[in-house]
Amino acid sequence: MWSGRSSFTSLVVGVFVVYVVHTCWVMYGIVYTRPCSGDANCIQPYLARRPKLQLSVYTTTRSHLGAENNIDLVLNVEDFDVESKFERTVNVSVPKKTRNNGTLYAYIFLHHAGVLPWHDGKQVHLVSPLTTYMVPKPEEINLLTGESDTQQIEAEKKPTSALDEPVSHWRPRLALNVMADNFVFDGSSLPADVHRYMKMIQLGKTVHYLPILFIDQLSNRVKDLMVINRSTTELPLTVSYDKVSLGRLRFWIHMQDAVYSLQQFGFSEKDADEVKGIFVDTNLYFLALTFFVAAFHLLFDFLAFKNDISFWKKKKSMIGMSTKAVLWRCFSTVVIFLFLLDEQTSLLVLVPAGVGAAIELWKVKKALKMTIFWRGLMPEFQFGTYSESERKTEEYDTQAMKYLSYLLYPLCVGGAVYSLLNIKYKSWYSWLINSFVNGVYAFGFLFMLPQLFVNYKLKSVAHLPWKAFTYKAFNTFIDDVFAFIITMPTSHRLACFRDDVVFLVYLYQRWLYPVDKRRVNEFGESYEEKATRAPHTD
């Protein structure tokens with residue numbers, strides 16, 4: 001049995017190593033491009049000729065531009081310098097068609113200075129929608145006074161039935177890039193990702209590619225979107241520019257394609273936005289480090305999950321285990337799942353949280369020795385009996401919870417009342433769930449203390465799932481490293497460090513109460529027997 005479990009763990013680790021190595025090789029193939037080695041079949045950069053360029057941004061309601069009619073010039077950058085970074089905010093007129101739930105497009109032209117873009121044969125251009133369709137976020141109000149952050153005009157208020165309909169939202173950012181590397185491509189092995197952004201021209205006997213213009217769609221975040229009302233006539237648009245290297249450009253193209261594929265598979269704009277958040281404003285080297293850390297986090301999560309399930313599957317007795325702590329973990333994971341559901345969190349986060357909540361419910365069933373009988377559609381619960389040793393553990397557990405309640409309940413009630421008076425919510429249910437989840441994050445570690453108290457009273461830690469604890473501890477320390485780097489709620493950030501304190505106390509108790517390796521555990525095994533047991537021979 002032991003060798004089988006060990007072999008499975010080795011297999012998982014082996015597959016993980018192969019996956020990491022393969023991913024590194026694929027990433028290397030994306031960011032590295034082999035330059036042209038000879039003179040034949042080489043494609044030279046047009047930017048190397050140092051042309052005088054101009055950047056022009058137009059808006060129109062049409063997705064295909066046939067002529068210069070019905071377009072508005074919103075930004076004109078003369079003497080455009082590819083090497084110079086800039087950011088400018090302009091006011092864009094919103095046409096009536098767009099205000100009536102229509103779409104507005106931006107046309108970005110990079111052309112020779114002093115020449116209109118549609119008269120320049122060497123111009124490059126891209127088109128990007130400045131609007132997107134989304135279901136508007138429910139309005140948050142003060143539940144006691146009924147006041148909201150933005151008081152709507154009565155004429156603009158929509159009926160309740162229309163609140164779930166997608167409406168046009170404004171994208172206030174337009175991020176532009178130009179590939180500034182004077183890279184010489186090999187015409188026989190052009191990367192497919194960059195090729196679709198390239199426009200080639202013949203100058204004498206040499207083929208040149210015009211400046212590669214790119215729109216960074218990953219910078220468009222859901223949190224920045226603005227609802228377009230019928231009374232809106234102008235909206236701000238921040239146009240930013242920065243040069244980009246060939247390696248980063250290829251990587252960004254692949255990432256945008258991946259996000260687009262998610263949307264094609266049915267992911268909503270909000271789900272795709274969760275993925276965008278990983279890449280926006282992130283250094284490539286830090287992004288690579290994040291990938292490796294996330295990969296190890298996933299491995300430790302799986303190993304902790306496997307060992308935790310294995311431990312509880314064989315668990316027949318609750319001697320030395322805090323039932324209150326098990327109940328609390330179940331309650332907290334269910335509350336966090338409902339909170340994520342109320343916040344309309346991405347399925348990438350919601351599904352694992354739901355699986356974790358289901359597992360904690362199963363643990364409660366094991367801890368309470370609960371058997372469920374179905375009489376038609378009505379369930380009937382039957383609870384098992386506890387032994388004398390289990391009742392002693394339960395007595396210590398109840399004693400710890402009694403002392404803990406004197407501190408915990410006033411803090412939770414006070415926090416809930418404070419949030420009700422000062423914070424706006426969508427509904428009473430939203431306030432209730434937020435109050436619970438804030439209590440879980442802020443004071444949840446206190447519910448780990450009954451297990452420490454039981455360990456202290458019994459002078460033993462042999463009953464705890466130490467393998468699962470170890471893997472979870474690795475993940476906790478990984479979370480600490482990124483707690484002040486990755487964007488997350490402050491309460492969740494503090495929760496990362498509070499778990500460290502409790503785990504260090506667990507380690508101290510393990511040192512203080514060493515496990516007797518000669519003692520037979522509840523499964524009829526001892527550590528020394530496992531080590532000295534000879535293989536069976538027929």
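Including glycine, each Cβ sits where the backbone N, Cα and C put it.
Residues annotated as topological domain 'Cytoplasmic' in Swiss-Prot: 1-10 (among others).
Look at Swiss-Prot and you will find 11-31 (among others) tagged as transmembrane segment, backed by sequence analysis.
Annotation source Swiss-Prot lists topological domain 'Extracellular' at 32-284 (among others). Averaged across the topological domain 'Extracellular' (32-284), pLDDT in this predicted model comes to 83.
The N-linked glycosylation site annotation in Swiss-Prot covers N91 (among others). In sequence order, E234, L235, P236, L237 are the residues near N91 (N-linked glycosylation site), counting only same-chain partners six or more apart with C-beta under 8 A. DSSP classifies N91 (N-linked glycosylation site) as strand under the three-state reduction.
Taking the Cβ of N101 (N-linked glycosylation site) as reference, residues of its chain lying under 8 Å away and at least six apart in sequence are, in sequence order, V167, S168, I228. The N-linked glycosylation site annotation in Swiss-Prot covers N101 (among others) and is backed by sequence analysis.
According to Swiss-Prot, the N-linked glycosylation site annotation covers N229 (among others). For N229 (N-linked glycosylation site), the Cβ neighbour count at a 10 Å cut-off comes to 15, with all displayed protein chains included.
The annotation transmembrane segment is assigned in Swiss-Prot to 285-305 (among others).
Per Swiss-Prot, the feature topological domain 'Cytoplasmic' maps to 306-324 (among others).
Taken from Swiss-Prot, the feature transmembrane segment applies to 325-342 (among others), supported by sequence analysis.
The feature topological domain 'Extracellular' is assigned by Swiss-Prot to 343-346 (among others).
The transmembrane segment annotation in Swiss-Prot covers 347-364 (among others), and the record cites sequence analysis as its basis.
Same-chain residues lying 6 or more positions outside the topological domain 'Cytoplasmic' (365-402) and placing a CB less than 8 Å from one of its CB atoms are 312, 315, 317-327, 449-450, 453-454, 457-458. Residues or ranges marked as topological domain 'Cytoplasmic' by Swiss-Prot: 365-402 (among others).
Look at Swiss-Prot and you will find 403-423 (among others) tagged as transmembrane segment.
According to Swiss-Prot, the feature topological domain 'Extracellular' maps to 424-428 (among others).
Marked as transmembrane segment by Swiss-Prot: 429-449 (among others).
Positions annotated as topological domain 'Cytoplasmic' by Swiss-Prot, on the basis of sequence analysis: 450-538 (among others).
Note on the topological domain 'Cytoplasmic' (365-402): DSSP counts are 18 helix, 12 strand, 8 coil. Within its own chain, the topological domain 'Cytoplasmic' (306-324) has Cβ neighbours under 8 Å at 5, 9, 12, 359, 362-363, 366-369, 386-387, 389-390, 393-394, 397-398, 400-401, 447, 450-451, 453-455, 458, 460, 462-465, 467-468, 471, 522-523, counting only residues six or more beyond its boundaries. DSSP places the residues of the topological domain 'Cytoplasmic' (306-324) in helix, strand and coil in these numbers: 11 helix, 0 strand, 8 coil.
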